[in-house]
Amino acid sequence: MKLTCVVIVAVLLLTACQLITADDSRGTQRHRALRSDTKLSMSTRCKGKGASCSRTMYNCCSGSCNRGKCG
């Protein structure tokens with residue numbers, strides 16, 4: 001019973017800390033452009049038109065690989 005109470009109190013404390021930290025960090029992002037570029041590069045992992053490709057790996061943005069080049 002004591003262990004259950006300790007776990008419940010710990011979870012409530014951690015939740016409260018998360019909420020307090022989230023409120024304090026609003027509007028304090030310093031390098032917005034850098035972050036958005038990083039997100040963009042992480043989300044687009046496909047290759048553009050004319051890049052080398054393999055038929056076994058579908059890594060072209062267009063979805064087609066003809067003669068080793070993205071189409």
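Here the Cβ of each residue, glycine as well, is placed from N, Cα and C on the backbone.
Around Cys61 (disulfide bond), a 10 Å sphere centred on its CB holds 13 further CB atoms from the protein chains shown. According to Swiss-Prot, the feature disulfide bond maps to Cys46-Cys61 (among others).
Within its own chain, Cys53 (disulfide bond) has Lys47, Asn59, Cys60, Cys65, Gly68, Lys69, Cys70 as residues 6 or more apart in sequence whose C-beta sits under 8 angstroms from its own. Residues or ranges marked as disulfide bond in Swiss-Prot (evidence: similarity to another entry): Cys53-Cys65 (among others).
Per Swiss-Prot, disulfide bond is recorded for Cys60-Cys70 (among others), and the stated evidence type is similarity to another entry.
Summarising the environment of Cys70 (disulfide bond), the number of other Cβ atoms within 10 Å of its Cβ, over all protein chains shown, is 19. For Cys70, the entry in Swiss-Prot reads cysteine amide, with the evidence type experimental evidence.
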